[in-house]
Every structure is written in C-alpha cells, then in structure tokens.
C-alpha cells in the first residue's frame with residue numbers, strides 16, 4: 001500500500017474548519033458543531049482536492065433537473081467539496097453546459113474550484129473521437145466553450161486509443177497544458193502498462209506525464225486500485241481518483257428486492273446494469289450486502305456511508321467521486337467522512353472476510 005506520511009504521498013491530509021452556511025451533515029446524520037473536510041494531494045502533484053468529489057455522469061443534463069443540479073453543487077461546495085468532474089460525452093455535452101451555467105450563476109472564485117473533464121467521444125464524425133492531436137485540442141476547446149471556462153484543472157483521456165500513437169497523445173496533452181487550456185492531464189480506464197508507456201514517452205521527449213488515473217473502485221472491484229495503482233504511485237507518482245463507490249447503486253442495498261422504478265437500472269440504456277443485478281453473481285453480492293448492513297448498523301451509519309468510507313480508508317485514493325440525484329442522498333454520502341475514523345483494522349478485516357475478494361500483490365507471496 002501507500003506510505004502513511006511521506007511528503008509526496010496522497011495520504012497527506014488536512015482538515016478545514018469553515019463557517020460556511022451549509023453544514024457538512026444534515027440533522028438526520030448528526031451535524032457536528034464545526035465543519036471538517038479532508039483534502040488530499042492528487043497523486044504526487046501539488047493539486048489539493050477534497051477526498052470526496054461530485055461527478056455528473058447520468059445525473060447532470062439527464063436524470064435530474066438543472067435546478068436540482070444547482071442544489072447539489074451548492075450543497076457540495078458549501079460542505080468543502082472543491083472537485084467537480086464531467087466529460088464531453090455526458091448527456092452529449094449537456095452535463096458540461098449545466099455545470100458551467102451553475103459555476104457562472106453562483107459566482108464562485110474559479111481558483112477555489114477543481115474542474116475536471118474527459119476527452120474521447122465528442123461527436124459522430126470519425127475525427128470527433130479518440131485521442132488524436134486533432135480531437136484532444138478541438139474536443140477540449142469545445143468542452144471549455146460549454147463550461148464557459150478558460151481552462152480545466154485536469155483533462156482526462158477517457159479511454160486508451162489504440163489507433164493513435166502514444167507520443168501523439170502525450171504531445172497533444174502537453175500542448176493543451178502549455179496553451180493554458182488545462183493545468184494537468186490524467187487517464188481513465190487505462191491499464192498500468194499504458195500509463196507507464198505514457199510516462200516513458202513524456203520522460204523521453206521532455207513532455208508532461210499524467211498525474212492521475214480515474215478508476216472504478218468499490219467493494220466488488222478492487223484489483224486495479226489496491227494492487228496495480230499503488231505500484232504506479234511509487235514508481236511514477238500517478239494517483240487514483242475513483243468512481244462508482246456504490247457500484248452504480250448496487251452497494252446501496254436498493255436492489256435487494258429487485259429493480260425499483262426510477263432507479264438507474266430501470267433507465268433506458270442501462271439493461272447491462274439490470275442484467276448484472278439479476279445475475280447469479282448479483283444475487284451473491286446482495287447476500288453479502290445483507291451481512292455488511294449489520295456492520296453498518298453496529299457503526300451507526302448507513303450501508304452507502306460504510307461503502308464510501310471503505311473506499312476512503314485506502315490512503316492511495318486521492319478522491320472518491322460521488323453521484324447523487326437528491327440532496328438527501330448527497331448529504332448521506334458526505335456523512336461517510338464521519339464513519340471513516342470508525343473503520344478499525346478489525347472492522348476492515350471483518351469486511352474483507354465477508355467480501356472474500358481481497359487482492360494480493362505478487363510482492364505479498366510470503367505473507
């Protein structure tokens with residue numbers, strides 16, 4: 001795992017105490033007298049991000065109204081969350097429009113925000129997707145127009161592109177950073193080998209390497225974030241920004257009796273999620289969640305709070321991206337920070353015993 005207190009570690013944490021009007025927990029979850037919020041370094045970069053970020057996939061420009069999106073962003077910002085993530089492909093660009101409109105309307109200082117977007121699928125034309133120099137530059141320009149921003153803090157390559165030479169992609173990312181369109185760049189859903197290749201190309205040609213990988217991470221998907229990325233962090237300083245802590249809602253427990261109406265699995269285009277939930281493996285996962293629910297009750301928290309705190313307990317995770325469709329849901333998820341100190345080694349061991357899927361690095365062969 002990652003070091004606990006080295007200077008370059010994403011485990012470096014600080015607490016912010018503010019007098020902002022939005023309390024970090026609603027009365028339902030027990031509001032503390034003072035607002036506390038963790039910040040971590042994004043990989044070995046100097047960029048400080050809140051350990052919880054707000055994502056816009058499915059929700060912004062789609063599942064929720066623009067008014068609800070504004071309410072969620074305001075709640076997040078008032079509670080110390082500074083990281084907001086989107087992508088050119090989310091709701092065919094509308095998610096970026098909604099996000100940009102809210103930032104403009106609220107008048108928040110741009111320097112207080114960390115805005116990230118992802119480039120790969122921009123349009124239907126052959127030249128409007130992928131990681132060519134052309135699409136990275138044109139795609140990011142279009143994203144910035146929709147966001148009404150001069151720059152994003154991190155631009156992510158939303159998939160690896162086997163049709164584009166790695167050197168071309170790394171040169172294009174370096175170019176948009178040098179042009180002031182982005183501060184940093186990262187990867188999403190890339191393999192360790194691909195990230196390492198990008199780093200090697202950057203070092204060979206004196207270009208800018210990626211600082212972060214966006215990866216799926218939850219109780220049922222652990223290998224990449226717990227085994228592969230720690231090695232990359234130690235070798236080249238790439239951090240982890242994780243998404244789907246509730247496995248698209250599976251870990252929330254709402255699918256234990258089937259597919260509720262208006263849930264994500266009931267939406268058009270999410271048949272894959274419905275199939276996953278109703279599969280034999282899905283039923284096994286629901287049985288494990290019932291056991292985890294007992295641990296959550298013992299700790300005085302909800303199952304989603306336990307699941308998010310479990311992701312945060314990994315010191316290699318710089319930030320966990322949350323998805324929310326209601327204010328109550330977001331406040332409940334933010335409440336996971338209160339659960340984090342309760343996750344003792346014995347509790348973690350108990351959770352691992354229930355899950356039965358703890359991955360081991362090749363370096364652990366003696367243990």
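Here the Cβ of each residue, glycine as well, is placed from N, Cα and C on the backbone.
What Swiss-Prot says about this protein:
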- 90: active site, proton donor/acceptor (ACT_SITE)
- 56-57, 63, 85, 158, 188-189, 214, 243-248, 254, 262, 264, 323, 325, 329, 332-333: NADP(+) binding site (BINDING)
- 9: phosphoserine (MOD_RES)
- 14: phosphoserine (MOD_RES)
- 20: phosphoserine (MOD_RES)
- 28: asymmetric dimethylarginine (MOD_RES)
- 28: omega-N-methylarginine (MOD_RES)
- 31: phosphoserine (MOD_RES)
- 112: phosphoserine (MOD_RES)
- 124: N6-acetyllysine (MOD_RES)
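The structure, with features from Swiss-Prot marked on it.
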{"residue": "56", "record": "NADP(+) binding site", "Cβ neighbours (10 Å)": "26"}
{"residue": "85", "record": "NADP(+) binding site", "Cβ neighbours (10 Å)": "28"}
{"residue": "90", "record": "active site, proton donor/acceptor", "Cβ neighbours (10 Å)": "24"}
{"residue": "112", "record": "phosphoserine", "Cβ neighbours (10 Å)": "8"}
{"residue": "124", "record": "N6-acetyllysine", "Cβ neighbours (10 Å)": "7"}
{"residue": "189", "record": "NADP(+) binding site", "Cβ neighbours (10 Å)": "18"}
{"residue": "244", "record": "NADP(+) binding site", "Cβ neighbours (10 Å)": "21"}
{"residue": "247", "record": "NADP(+) binding site", "Cβ neighbours (10 Å)": "21"}
{"residue": "325", "record": "NADP(+) binding site", "Cβ neighbours (10 Å)": "19"}
{"residue": "333", "record": "NADP(+) binding site", "Cβ neighbours (10 Å)": "24"}
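Between the CA atoms of residue 189 (NADP(+) binding site) and the residue listed as 'active site, proton donor/acceptor' there is a gap of 16 Å, rounded to the nearest whole number. The recorded positions near the residue listed as 'active site, proton donor/acceptor', taking a 10 angstroms Cα-Cα threshold over the set 56, 112, 247, 325, 333, are 56.
If you measure from the Cα atom of residue 333 (NADP(+) binding site) to that of the residue listed as 'N6-acetyllysine', you get 36 Å.
The residue listed as 'N6-acetyllysine' has 56 as its nearest neighbour among the recorded positions 56, 112, 244, 325, going by CA to CA distance. According to DSSP, residue 56 (NADP(+) binding site) is assigned to coil rather than to any helix or strand. The two recorded residues residue 247 (NADP(+) binding site) and residue 112 (phosphoserine) have their Cα atoms spaced 29 Å from each other. If you take the Cα of residue 85 (NADP(+) binding site) and the Cα of residue 112 (phosphoserine), they are about 15 angstrom apart, rounded to a whole number.
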